[in-house]
Amino acid sequence: PRLCVVGSGPAGFYTAQHILKHHGGARVDIYEKLPVPFGLVRFGVAPDHPEVKNVINAFTQTARSERCTYYGNVTVGKDVTVAELRQAYHAVVLSYGAEDNRVLGIPGENLSGVYSARAFVGWYNGLPENRDLKPDLSCETALILGHGNVALDVARILLSPLHLLRKTDITDSSLAALACSKVKRVWLVGRRGPLQVAFTIKELREMINLPGARPVLNPADFTGLENAIKDAPRPRKRLTELMIKTALEKPGEKTMEVQAVAAQAAAPREWGLKFQRSPQEVLPTTDGRRARGVRMALTRLEGSGDSAKAVPTGDVEELECGLVLSSIGYRSRPLDPAVPFDTQRGVIPNSSGRVEGVPGLYCSGWVKRGPTGVIITTMNDSFDTAQSVLEDLRVGVLDVSASREGFGAVESILGSRGVRPVSFSDWEKIDAAEVARGKAAGKPREKIVDPQEMLQLIGR
């Protein structure tokens, strides 16, 4: 069987890995629109979380397998259609993730000083499409809308001491911008309460322990929560207990070590969580060009737990800030008119990864289940899709008696359209160049952010 996977992030690689491992004859081709592989592992994981990027080693083993081939710099839906891939392969798996962000849908969202967290993360992680973002960091207060791990990542990067960031693979230009940043206060705002936050305890603890930045949590926000969490699942319980403990801790109770760090920071930085506030409008400066604050509706919760809804009370509050980062979620886009797409939910309608109404077409990862979860969630999800493919091969739903040309057919299509794919060994040259540049600067790598430069490097 000849199979192909569209997208080389965790979903694509885990799907390919599982199929290759459990079917001794399958050949899998992986298509990626950028010259470089690994998707959000490269462009989403925070630069100061290098251990999370270790999965790249396993993905590299998969890509080097003699039954797997990587084709970068190929945009499916434009350079080659899904219909053309379906002609060339016995099965096609769409694992192209969520490359858009959800919009707030409020007035003032397009003022300068307002960015999506997705673009901001792409900027400091060297995602080519965000390399020219140039966020304005000249204000003292930043407001992040959202209570997920991405919101905490962004807050941490904004407030991290430079000496910590210098040792990471954060891009050179974003490091330079952060060195000049005036931001010293970050508020993370959510529509619901402390029991509904979406971030995890590891990320919260890291934020609380960030040198030179103090947490500002209002004890009143946590009144009575000890009782409410008695029967909560353990992760939720521990997370809430950590917030309560942080809210109630007096500055004097901190260790000598933390005091020493605080003393160093002549201008102590701070961050805090604000709850039950829903953004209504980004307020403009008098010239109408820039953000100067956000007007928020105060909310009350109806229902409890994860299903609690935030309902406006009628009261509003204005928060001053010159930088607004919206971190309310990623969104998948439809790739090709030939593929069914649920615009409401932002996913491809499917059952166990089998695309509804299109035999031989599958999906895995965020485009399959929505943009939630961590790498391990995506791994399990991709194995589930791979199982569906293997099952369909076994029972003959996928007819392998008809031979398919695979890349042979695609190559001539790409050739006729003037598209030259980038191979995995091409990527390894780019990788080596990045690592060499990083070494000179004492970093794990210095990412190349311009696709043209990547192509020049491999002699295009």
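Keep in mind that glycine also has a Cβ here, set from the backbone N, Cα and C atoms.
The domain 'FAD/NAD(P)-binding' annotation in TrEMBL covers 2-158. The feature FAD binding site is assigned by TrEMBL to Ala11, Glu32, Leu40, Val76, Trp366, Gly373, Val374, Ile375. TrEMBL lists His147, Gly148, Asn149, Val150, Arg191, Arg192, Glu203, Gly373 with the feature NADP(+) binding site.
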Trp366 (FAD binding site) and Val150 (NADP(+) binding site), compared by Cα position, are separated in whole Å by 15
Within a 10 Å radius around the Cβ, which one of these binding-site residues has the most neighbouring Cβ atoms: Ala11, Leu40, Val76, Val150, Val374?
Ala11
Taking the residues His147, Gly148, Asn149, Val150, Arg191, Arg192, Glu203, Gly373, which the record names as binding NADP(+), find the longest CA to CA distance and state it in Å to the nearest whole number.
20
Candidate nearest Leu40 (FAD binding site) in space, where candidates are the binding-site residues Gly148, Val150, Arg191, Arg192, Glu203 and distance is Cα-Cα
Val150
Looking only at the domain 'FAD/NAD(P)-binding' (2-158), report the model's average pLDDT.
97
Minimum Cα separation from Arg192 (NADP(+) binding site), reported as the residue among binding-site residues Ala11, Val76, Gly373, Val374, Ile375 that achieves it
Gly373
Cβ neighbours within 10 Å, counted over all protein chains: which one of the binding-site residues Glu32, Glu203 has the most?
Glu32
Taking the residues Ala11, Glu32, Leu40, Val76, Trp366, Gly373, Val374, Ile375 listed for FAD, what is the greatest CA to CA distance in Å, to the nearest whole number?
25
Determine, using Cα-Cα distances only, which of these binding-site residues is closest to Glu32 (FAD binding site): His147, Val150, Arg191, Glu203.
Val150
Fewest neighbouring Cβ atoms within 10 Å: which of the binding-site residues His147, Arg191, Arg192?
Arg192
Could you measure between Asn149 (NADP(+) binding site) and Val374 (FAD binding site) for me? Cα positions, answer in whole angstrom.
10
